[in-house]
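Trainee: What TrEMBL shows for this protein is this:
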| type | residues | note |
| --- | --- | --- |
| DOMAIN | 8-99 | domain 'Disease resistance N-terminal' |
| COMPBIAS | 96-113 | compositional bias 'Polar residues' |
| REGION | 96-115 | region 'Disordered' |
| DOMAIN | 171-339 | domain 'NB-ARC' |
| DOMAIN | 426-503 | domain 'Disease resistance protein winged helix' |
| DOMAIN | 585-644 | domain 'Zer-1-like leucine-rich repeats region' |
| DOMAIN | 676-800 | domain 'R13L1/DRL21-like LRR repeat region' |
| DOMAIN | 914-1039 | domain 'Disease resistance protein At4g27190-like leucine-rich repeats' |
Amino acid sequence: MPVGEAFLSATLGVLFDRMASRPVLDFFKSQQLNAPLKKLKNKLTIINRVLDDAEDKRHTDPFVKQWHDELKDVVYDAEDLLDEIASEVQRSEIEAQSQTSLQKAQDFASSHNPFKRRKNERLEKILETLEDLVDQKDALGLMDGIGGKPSYQRTPTTWIPDESVIYGRDDDKEAIMKWVLSDHPNISNPDVLAIVGHGGLGKTTLAQHVYVSSTVPDCFDKKSWVCVAEEFDVFKVTKDILVGFTNKSSNADNLNQLQSELMLVLTDQKFFLVLDDDWNRDYSKWEDLLKPLKFGRKGSKILVTTRDEAVANLTRTSPIYPLQKLSGDDCWSLFEKHASLGTDMPSTHRDLVWIGKQIVKKCDGLPLAAKVIGGALRGKRESEDWKNILESDTWDLANDNILPVLKISYQFLQSELKRCFAYCAVFPKDCAIYKEQVIRLWMAEGLLTQSKGNEDIEQVGEGCFDDLVSRSFFQKSERKYICRGGFLMRKCFLMHDLINDLAKSISGEFCFNGVDRSCEITGRIRHLRTDGWELGKHIFTIKRVRTILLTDWAIEEEVIDRLTTLTRLRVLCWHSSNELPDAIGNLMHLRCLDLSNSTIGRLPDSVVSLWNLETLILFNCEELEELPAKISQLINLSQLDIRGTDLTRMPPHMGKLKKLGELDYYIVGEESDCSIKELGPLERLRGRLLIGNLRNVSQVQESVEANLKGKEKLKELRLVWNDEGIEDSFHERNVLEKLQPHSNIEQLSIYGYAGTRFPDWVGDSSFSKMVKLKLKGCKYCFSLPALGQLGSLKRLSIIEFEEIPDVGPEFYGKSNKPPFGCLESLTFIGMRQWKEWVPYSSKDEGDGAFPLLQKLVIEDCPNLIKTLPVDLPSLKKLTMSNLHEATRLDLGLALEEIDIEECGNLKCLQPPHLPSLTKLRIKQCDSLESFPLDMGPVLEEIEICNCKGLNCLSAAAELEHLESLQIGNCPNLTEIQLTHLPSLRRVKILRCQSLECFPFYLCQVLQQIEIRECEKLKCLSAAVTAELGHLKSLKIESCPMLEIPHTHLPSLTLLRIWGCDQLVSLPRAPALQQLKIARITEGDRFLRRIGGASRDRNRASHTSLYFPLDLLRIIFPSLSHLELESCCEEVESFPPENVLLPPTLISLAIEDFPNLKSFDSTALQSLTCLQELRIRYCPSSSPFQHKGSPLLLSA
């Protein structure tokens, strides 16, 4: 069948090219070894003819598989041998150039050179193995095919399908959503449902669509997605769950501490958790994981996806949800989309529909199969291609637990793509795969073949990767990435489990990913991902390893020393290491060295002996202060990443690294050999480049020689001056004038420029591809450049221009076109002398500036009087801060969000009606006296804080969309005049000392109330609280006049009362789980009335708490957390005699009871659910002063 080239075809192609290279030919000629070289070429040519047949038969014939593996092994050896020869010749030539005589070159050419003898011996062994393989091919029935096809060519056009539609799963999604949103009182907490089915059915996809459903955030306080994978580590999974809920990392180093943190996060919180791809069959591990999750509020849900029905039975509390195959029609729709079969297909191709439907039948309802095969046929319009897929024998294969359809997709890849894909078996399942990293690894392993055109090898890698994505071998994803500023979402890719299985079956014993324990590490291993312990265990076995990806930094000293003897190593990724051995220079094959996040202060000088090194990653090596002085000897270096290091200067002669394509950061030095002119010869620079310390450019000619204008592959450029004050503004301007980049630049940033004006190229319309521009800290400039004619500019930031008095015509530029035609985001910050923004005036009506502007930020411009242009038709988000002179704002009708802060003289907003406004935030606007909230009829969120002059908030119309209202520190606010608030769910009122009432009776779906320091707020009447049937959380603090009637709040789960002296009763709340009473000055009066019942005063004594705790069992039957703080100074014993606390208590806290002396441990130990007892600031008590049995404290 006409499949793609065999796996090894590309490797043999590389070998043939290497054998024809000048260094190799010179070596063999000098040793009079032309005959063995010819023999090697002949044997490989013979084998190349049968590779296609061997590729097919290795899946069904174990003897062919063994033959194929032996061939792969010897081909790796031959590749290493030729690579060593070429490297040694190159090293000899470089060293000879620096010597006074040719003695070293003559020594290398000598036939008595030990290096030559060792290579001759290895070559003879390789030839013997190849001879045996050639002899075996006929006995195995391997037939001559079409070997040596042209290398992979990138598909001209690729299209990644939109996965927003889920085919054939509407009923499944509806059923799962019904379960997610259900809230039955008798279900377990948390409730667990497992979706079960074999790989490729779409379990994860279904779970993802449920997880991102728009109704989920409204029903849950927190949600988290965790991929469990094959190794079920309770500590790791718990930590991932915690990070998902909080978006913060945890420093906990033991399970007890970690689970305590998670328990606190989830207490009284209703959560939704997805545990994707669970393989765990150990019931005890599942129970350990579940412990802190049980603290979530009733109604919390856990959705599990798994292939294993036993796992589903272990985890579930609701019935298993078995996911079925797609129907034929749905499977066809999915296939049709990925195969790009449209209704506009020519009639000559209609036969493809019939063939395609037969293929879909063989997909047997598997979504992944339909997607992968459809992607493989994308763009193919010859019926013969489709028939070959339909009639292929590979459909009948079922070995190694790999779906046959996936092998078909693999078989039709070109040889180069096959090798690139198979290499990815080094990544375990669910491992985040980053495109740039994978391309670097492919390059280092020599898996990419550069075309004869102008295409860089990195671009070839991008083409291969994109092709694999389009064929669904990789799937787009995002992962949280920890950086200095916290968490970032970083785009990445994943391999489906079945795809990963496929890669492992192809790589076999040559690749080990550190997770799949069914594979053994043998002497044939070439690609290894492992930890330090496993590396040490096999360090003497892996003599021919090419790739080592270390998953931790902990390696024993002797293992580190042994590591430098693995001379065939091409890739070493050793993150977070604290040392690099001096003998690292022995690794002559090394192409990629990744030391990200390491704590090394300097690199060994021997690094410069790594002649073949292409990639050096030092990202986030915060303690690294310098690079080796002779790093310019690494003439093959194409990527140097020094972001996040502590470098203050560059090593000399960087201009010799002419292959350097990626250099994120260059620090200009004062010496000539470290100056900016060293960038001149680096013609291949691409991507992003930051040039720092530009104040060290002493001669303008150096900027000319840097030749930034000739670097057409640069997309992002940052020019940074060190802030040392202005010396010569004319010189600074001339320097910047000559740093003009190529017009292909897309993002430009200029920081700390000390000139008084910008050169004309900044803002020139020839920069037609520029989409982002940032100018910061140019505090001596007295005018802005003409930026209005940058036709593609979308984001513009102007920050810390302290001498700009106005923004006007010079900013817009001189042209017949309206300025800033594509601008979407505009930011002005720190322009302290700016007084006026002069609007753009056009001769033609309707041709205004900023027609597409959606976001405008103006901060720290205290003298700006007239703030906004009149007409901003597309403006949706406005942020203004520290504009002391602004008295009014003229707002655009399209605004959706307003954020105003520290505008002390602002008195009004115009116009009075903003039909699209959904979010309003106003802070520290002391002159604002009243505010009509109904200016935004679709408002959803309102926050008004620190407005001392505000006395009234009103809305004549109904705010039917308002969900959140927060008012804080408005001491003169006396009334809030609102009508019906049918959607209001959250109210927070803080430090409004003059406010006497709030219209809670208008809020029938209110879920959260928080009131603090409102001294005149008096009462929540029974009529009010009767309307609060949905209230879940009530927090009241320091409201001495407030009273709450004894009423029924059926949904209340959290009640906290602090410093409310007039409080004489509590509501009845059967669902209440958490109660805190604190700082009640007249504690006796409150405690006598709790629960709406009075007690005989004579029952009180100084030795027992006069507090009807037994009523808590009645009015709060679900109570799990009780905190009492500073409620009664005279209490001496806890709990009172003959009083039973609620048996549902999980935690109990007693704080600031100065006279408390003893505890009834018998009563406490009757609380069988109690897990935590906290006693703080009770100076008269001791845990060992108790009545009854010994008191046990546990956390």
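Glycine residues also receive a Cβ, built from the backbone N, Cα and C atoms like all the rest.
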Trainee: Determine which recorded stretch among 171-339, 585-644, 676-800, 914-1039 has the most C-beta pairs below 8 angstroms with the domain 'Disease resistance N-terminal' (8-99).
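Mentor: The stretch I would name here is 585-644.
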Trainee: Would you report the average pLDDT that the model assigns to the domain 'NB-ARC' (171-339)?
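Mentor: Over the domain 'NB-ARC' (171-339), the predicted model scores a mean pLDDT of 86.
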Trainee: Just to be sure I understand, if DSSP states are collapsed into helix, strand and coil, how many residues of the domain 'R13L1/DRL21-like LRR repeat region' (676-800) fall in each?
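Mentor: Within the domain 'R13L1/DRL21-like LRR repeat region' (676-800) the tally stands at 27 helix, 28 strand, 70 coil.
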Trainee: Looking only at the domain 'Zer-1-like leucine-rich repeats region' (585-644), what are its DSSP counts of helix, strand and coil residues?
Mentor: 10 helix, 11 strand, 39 coil
Trainee: What is the number of residues in the domain 'Disease resistance protein At4g27190-like leucine-rich repeats' (914-1039) that are helix, strand and coil, as DSSP sees it?
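Mentor: Helix, strand, coil within the domain 'Disease resistance protein At4g27190-like leucine-rich repeats' (914-1039): 10 helix, 40 strand, 76 coil.
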Trainee: Just to be sure I understand, if DSSP states are collapsed into helix, strand and coil, how many residues of the domain 'Disease resistance N-terminal' (8-99) fall in each?
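Mentor: Going by DSSP assignments, the domain 'Disease resistance N-terminal' (8-99) contains 79 helix, 0 strand, 13 coil.
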